[in-house]
Every structure is written in C-alpha cells, then in structure tokens.
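Visitor: Take a look at what TrEMBL says about it:
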DOMAIN    24-134  domain 'P-type ATPase A'
TRANSMEM  148-172  transmembrane segment
TRANSMEM  187-207  transmembrane segment
TRANSMEM  651-675  transmembrane segment
TRANSMEM  681-700  transmembrane segment
TRANSMEM  721-743  transmembrane segment
TRANSMEM  786-803  transmembrane segment
TRANSMEM  815-837  transmembrane segment
TRANSMEM  857-880  transmembrane segment
Amino acid sequence: PKYTRFFQNTTCFPSSVTFTPDIEQAMSTELVPGDVIAVPANGMVMPCDAVLFQGNCVVNESMLTGESVPVTKTSLPSTGEEAARCYNMEEHKRHTLFCGTRVIQTRYYAGELVKAVVVRTGFSTEKGQLVRSILYPKPTDFKLYRDAYLFLLCLVGVAGIGFIYTIVLSIISKVPAKTIIIESLDIVTITVPPALPAAMTAGVVYAQRRLKRAGVFCISPQRINMCGQLNLVCFDKTGTLTEDGLDLWGVQRAEDSRFCPPESEVVEERMVSTTFVACMATCHSLTKIEGELSGDPLDLKMFAATGWILEEPTEDETALHNPLMPTVVRPPKSPKAEANQNQSCEIGIVRQFPFSSALQRMSVVVRRLGEKQMEAFLKGAPEVVASLCKPLTVPQNFSDSLESYTRQGFRVIALAHRQLESKLSWHKVQNLSRDLIETNMTFLGLIIMQNKIKVETAGALRELQRANIRLLMVTGDNMLTAISVARDCGMIHADERVIIADAVPPKDSRPASITWRYANNATRTIKDHQTAEINVDEEAYHFAVSGRAFAVITEHFPKLLQKLSLRATVFARMAPDQKTQLVEVLQGMDYTVGMCGDGANDCGALKRAHGGISLSELEASVASPFTSSTSNISCVPTLIREGRAALITSFCVFKFMALYSIIQYISVILLYWIFSNLGDFQFLFIDLVIILIIAFTMSLNSAWKELVWRRPPSSLISAPLLFSVLTQITTCLAFQVLVFFLVQKQSWYETWTPQSDACNRSSISHSLNGTAPVDPKNIRNYENTSLFYISSFQYLAVAITFSKGRPFRQPSYKNWPFVCSCVGLYAFLLFIMLYPIPAIDRFLQIVCVPHDWRVTLVVIVAANVVVSFLLEILILDIILWRLVFRDNKGPESCSADTPQEANDRWGASVLSRVFCRRKKSPRGLFRRLTLELQEDTDWPPKPSTITYAAVPPSRVSDLL
C-alpha cells in the first residue's frame, strides 16, 4: 500500500521545526526512520512504528496487546517537562503508533493533517520482533523423536548383522554374486520398515481429526504428541480464566475523611449532581466510532453506570468554532429538573491526560456549563491516587478497605478532584504539565469492579490438578488481584500461604535485594482429632512474583531463579517478552510446558511452549500451534487427553512396526539357512493385507474419558518399553525356531520337490515324473509354509498385545475397525491353514502339509499368543509396573500395614536390585531440585526477611 510521505527527512521531532513540506505517495517499503507521514482521516494499518506529534488517533492495538478495545493516542507534548525528555518507546507509548495496529479514527481540525514521525521499520518494530519470534523460535525438543532415531539405528545394526550373515553364508555355499547382493540388500529393507513414518503419523492425524470435532484446530500436528507429556500449564488471566468484561460491583464514596457505606447504584437523583458521579462521567478516554461508544471496558462500564450521555463535536463544528471545542457529557433529561439541575451538570472535557501504565493514572480538565472556574478529575490505582491527595481527605481505614477488596478479587479504582485556579484560561490549560494538575487533590472514593471467573474455569483446573499437572497464572494484572483470582479458581487453596517476592535493582551503593512478604497469615492453624493445634503443612506455600521482580531476579539472582520458579504460582505484571522468558526458564527445569492465552501479547509464549493453545481466533492463533473455538479453558484437558492418546498410539505403532520388521527378519534369516526366502506374494500379503490394515486401524482408539495422575512414557529407550519389545522378540524367535526345526523332525518331512505331496503320501510314486515346473528360488518348501503361517499369526498377536486402552485410550474392543480387522484376518488365516484352497496356495506359494501338522501349528499359535499376553499384561503391566517401574512416591515406612504391602515392598526391593534401579536419582531437574529443597531448612524464606545479591568483585573494588 502507498502512504503519504513528506520529502523532509529529519532526526529531530518536527514540533521544533518550521517548514512547508511537499507531499508524495510512497510505498511502505520505502519508509525510513525520520520520515514524516500523514495519517488519513479514515484510518489505516500502520506500516511502521511512528510518534504522533500533531493530532490525535483512536487505535485498535489488539495485534500487540490482545485487547480489542480501541485506545486514544495523543500527540507528543511540545512544551513542559515531558517535551524536554528524550523519546523513549516505553515512556511515550501513549504517543506512539505501533506497526500492525489499526488506526480507526483520527481527530484533527479543519485544514490540518494528523502527522507522525517514523522511528522504526521492518523487524525492528514491535510487530517485526513478534513476527521474528514466530518465524524463528528456539527449537522445541521432544525425547520421543530423538529416541526414534536411536531405535532406528538399533534396527540398522540388526540389519547389519543379517547383512554379514547373508554374505558369509552365500559365499560359503558359492552362491552367484548377483544373488548375494540382492539377498543381502533385501535383508536391510526388511529390517528397517519404510512404512514406519506413515504408520506413526496415522495416530496423530486421527487425534487431529478428533480435536477438530471438539473445536480445537491444530497447525502443528507434531505438537499433539508433546501435549501428552504436559506436566505444567501456564494460564493468562483476563479473558482466559476470567471474563473479558468488568462489572461494576459498587462504589464507596469518601466524605469528611470517612468512607460511606458501599452503594451499588449511582444513577439515583440524589447522586447525579455529586462530584463523584461527575468524575465517573468525565475521567475516561471514551470516543464515539460510527455512533457507538468505544474504549476501555472499565471506562465503558463506569460511564454506563452513570447513565450520562457523551457528545463529541463534528468536523463541521470544529471548523466553524474554536478548534479546541470540547467533548461534552451530560446527564439524561429528567422531567423533574430538566430546566435547572441537568443543565448545570453539563460538563465539557477541556483537556485529557491519557492513562499511563508507568504512572498508573489518568486525568482530565473540565469546565461545567455556566462556570468560569475549571476543575480537574483524577482516576487511577488507589495507592497512587491517595499519594496525590491531601492527607486529611484520605480515610484512615483506606489501606484496610483497599486490601479487603483486592483480597476478594475486586479491581479497585480510586477517584480524586481538584478545583483549579480561576486565572487559568482555556489556552493556558493546553500547555500545562500534568504534574502541575495532578497534585493537591481531594480524595473522592473508590469504584469497585468485579472480574468474574468463567464458569468452566474451576472445573477444568480441578481436573488438571487431579492429573498431577502443575498450574501457573501469568498475567499483566495487579498482584493482589491475581492472587485472589488464583485462590477463587483453585490454583491456591485456602490453607496455603502466598509469599510475594519483591525485588528491587541495585541503586547507588546498595546491591539488588529481594524482600519476602507473606500475603496472608502464615500462622493459620488447624485442630487434629485430639483438639491439639498443629501448624499447617510447611510445604503448602506458593510464591508470587511481579514482572519487575522477575527481571531483577533473572539478572541479579540467577541461582535463585529456578528455586523460585519451582513453587511460584502467580506471575503478575508480566510483559509479553517476560512470559516467553518464563516459559524458557521452566523448560530449562525439564518441565513440559503448556501455555493458554487469548491475546497477541501471549504469542511469543504460545509459540515457545511445548503446547500453546489460543482462545482467540485473532493474531494469537497465528503463533499458537492450537486454537480453540470455545473461549474457555475446558479445551486444555481435552487437548492433553488427546495428546496422551496420540502419544500412546505412537508407542504402540512404533513397537508393532519394530516387531513386524524383526518377525519378518527372523523368518528370512531362518529361510536363508536352507537357501530359501519368502515369496513375493507372501511379502505382498503380509505388508498390504496384514500390516497396513492393522497399523492404521490400531491407531483409531479414541482418548480415555478422564485424565489420570500417571503420564505416558516419553522415551522409547526406557525400561518398560525395552522389556516389552525384547520379551516379544524373544517369544517370536523361540516359536519360529521351534517350528523351523520341529517341521524337519516330522516323519513325512523330506526336501521338497515339485513332485512332493505330504498331504497324500501314497500319490508320490504316481506323481508327474519331472514334468512339474522347478522353483529356482526354492520358495515352495515345508519350512517356508510353516514359518509363513506362524509369522502371520505373530503379527496379529503382537498387534493385539501392544494395542492397550486404559488409562490413556479407550479399550481396543471399542475400536470396531481394529476388532473386525483382527477377527477377519484370524478367521482367514485359520481357514486357509486348516482347509487349504489350491488357488490360494498357488498364489501365496505355499505347499500342502498333513492335517495333523496343521493342528500342531494351531496349538503352537495358541501357545505363542498366551505367552505374549502373559509377558505383556501380567508380567509387565501388573507386576513390574507395580513393583519396579512406577514412580517413587518418597520415603515410606519400614513397617507394613498389611501382609500384601509387606509382600509388595519385599518384591519391589528384590526386583529393583535385579533391574539395577536402587536409589536411582529422579529424572528431571525440577524433581531433583524438589528433593534438595525438602532438605533445606532455610527454605522458604521467613517473613519480612531480605536477600541481597552477591556483589561482583569488580563492583567491590569500585566501592573501595
């Protein structure tokens, strides 16, 4: 798109330069820092970061902040203290138009343009940095994919052994070189299955389809498996855990240095003319866009509660009258006092000082209709407003009342008022610094807003906690409000302490320090059954950290950061980049981290987390691997359930495909001993009819209906999985070797020739003497037929054995395609084995064997199936998981309550020694750190203690 650009290029702000510029249309790619651009009246999408120095703009910054509420941007002051300071992006944010944000409306006067100076372009802009973090995130590693390569290398090693075995055997038997090359390479392709990636992808694809039906859309399917391992989830607060909007709970006015009782309504006739209501009606940044009021939700709720009406001057009015014609607010017309009271309450907003996050307040200068003297109204954080008021006007119980509201989760705003000097004219007010206005105020009272928790929040969080998943709140909101919401939604229980870490950076000769402040009573007690008082569990504590403290701790207390993050539950006042940084810290502690948010300010963290889920379909969904169509966190347990199901499916399919390769490898190795092989159509039948159908239907098991405390394994190179695979390989090897040698011991056995007929021994002498075709590859023989039958049943046996259901997937009997496939294949194989059909025998290149040998094969198949099930279900899933492979739950008492527990403990001790798992340190840095802190008597820090940062030697020498 083209933008209006001035020819002049200057490094200083044009407010101090006088020129008559020429204007040209320029492409956005041609803009450079220092260019002056004109913002059109109908708005535009900003192509760069620019500083507004003439006129005002109403901007939608949802792309950056996640808030879809328009904000008002004012021009950079040309006089006063603020104008004398150097431009700073953070400090002058309210004067800056950011790249990617949409200018909805401009405020200008007849004959004048709204102008801005370009300060940053491309990847240097706020949007550019966000896009760069999305395009080039730090790689997210997952152990399953690393181990898959190691497992394939093991299969390559097995193939190498077979490769050497084939060459040596063929050379000894003087086999032609061409045949040696073909057969030795054939063994490699058998051992490393080419269909493995497709088979493992099937489970993920099916999970993605189920998520789509549940309203969760995925743009990175590989992350589904990662979600199955999530053990920590970070949540944004506003719009994620709580509703987007705020409701006015009530107001508490202050009169004569005392608080009046709380009031729920401010539209009553007795309150219309009060200064408190006038402040509510004027101290905001609302504007009308296409006839509708728009602005911050808090301002909208506050203004709507007054019932007043806002009127803005039109462009024609500003052209005909003074260009500083104000916005006017007035109460609704009342039949009782239409002539007197309502007209005197009409107020014009002369000047607005926008809300500043650094100052935590905003103010306006107003004038009532018919009055010559102007007034100032102030709104902001209660502590800040109280500090700017006359001490005598602030109620003595101000702090107690404020803490009471914030503990209940209310958002509290304080109001103040000041009567300005009569000598101040309209034009003088436009040049005054806000510091001169916002002082010596009169405290008016408090506005109490309620941010309701979403109905689904508490239930979803309880489900995650039952699944042993740690929960964190990462928000940009106030600390006490965040702690209160964390208590209300169940992240922090009523009997658990909250320790606030207040960190301050070094200043002058003082090093950086952390003050540990307890947010509630840490000596709360409970009574046991003997009515004796005991202290609450010392482990029941949580840390709460602000964004400012997080930055100080990261820089000056790096060794303390992980210890703090281990038990921190609330992170308040966090900037977007700090959210991403926190996710990286948690990942560095070996957590598998999920992130749930709804704003573009969460984009970096959503992209960096192992599993990021956006509750918004706006900009955040671009960076997030998952996007939910429902705007509540009930999608998080659903995602984790599907992730666990997909992860278990990946393990099942991987084990099945590995066993398929090894079973076929064993068959071919045994047949190579007699210079035979499986036939082409036998390979085709196994690969297409058995393996392909089974691999894709065994992945159809849907997720289990609830989350359990156990998590699925994350590694292929783990004791349970290796035990499972090796025992099944040993079983298959044993039964194939048994069949291979047992068939040679049969009385009817002979080296097969085209004239052989073991099914009818009397017909041998009457066979076609040499007229039958000779098989040069020696495919048709008794060993081949027997191994083909037994191996075909082994594929089905290991598939059913590995296809597990609870606790992560629905039982296999509910997977009807898989059940039907297994039953159909079992029936078909049994039928052709017990009742041979000549056409099928010729197609599969199998030979006729006596009926009693067929029955013997059925018995061997049954024994194979029983052994496979006993090893996998009884030995692995019940005994070894219960006594050896389960996670340690900490030290246990030496005495057992029951004989069963004594037996379990004795068995666990013996088996642990057998499997070399005695005193094995826990995997994961966060688990090891937990054990260390349990032995640290100085942790957590005591109330009101201060921790100082170590002073570097260079700093010590400077101080000396």
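Just so it is clear, glycine is given a Cβ too, placed from its N, Cα and C backbone atoms.
Bear in mind that TrEMBL entries carry predicted annotations, made automatically and left uncurated.
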Visitor: Would the transmembrane segment (187-207) count as touching the transmembrane segment (681-700), if touching means at least three Cβ pairs under 8 Å and pairs must be 6 or more apart in sequence?
Guide: yes
Visitor: Taking residues 6+ outside the transmembrane segment (721-743), which of them lie with a CB under 8 Å of any CB in it?
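Guide: Residues 651, 655, 658-659, 662-663, 666-667, 670, 713, 715, 749, 782-783, 786-787, 790-791, 794, 798, 801-802, 853, 856-857, 860, 863-864, 867-868, 871-872, 875-876, 880.
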Visitor: Between the transmembrane segment (681-700) and the transmembrane segment (815-837), do 3 or more CB pairs sit under 8 angstroms, pairs being 6 or more residues apart?
Guide: yes
Visitor: Ranking 148-172, 651-675, 681-700, 857-880 by the number of C-beta pairs under 8 Å to the transmembrane segment (786-803), which range is first?
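Guide: The listed stretch sharing the most Cβ pairs with the transmembrane segment (786-803) is 651-675.
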Visitor: Select the range from 148-172, 681-700, 857-880 that forms the most Cβ-Cβ pairs under 8 Å with the transmembrane segment (651-675).
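Guide: Out of the listed stretches, 148-172 contacts the transmembrane segment (651-675) most.
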Visitor: Give, as a single whole number between 0 and 100, the mean pLDDT over the domain 'P-type ATPase A' (24-134).
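Guide: Summarising the domain 'P-type ATPase A' (24-134) by its mean pLDDT gives 79.
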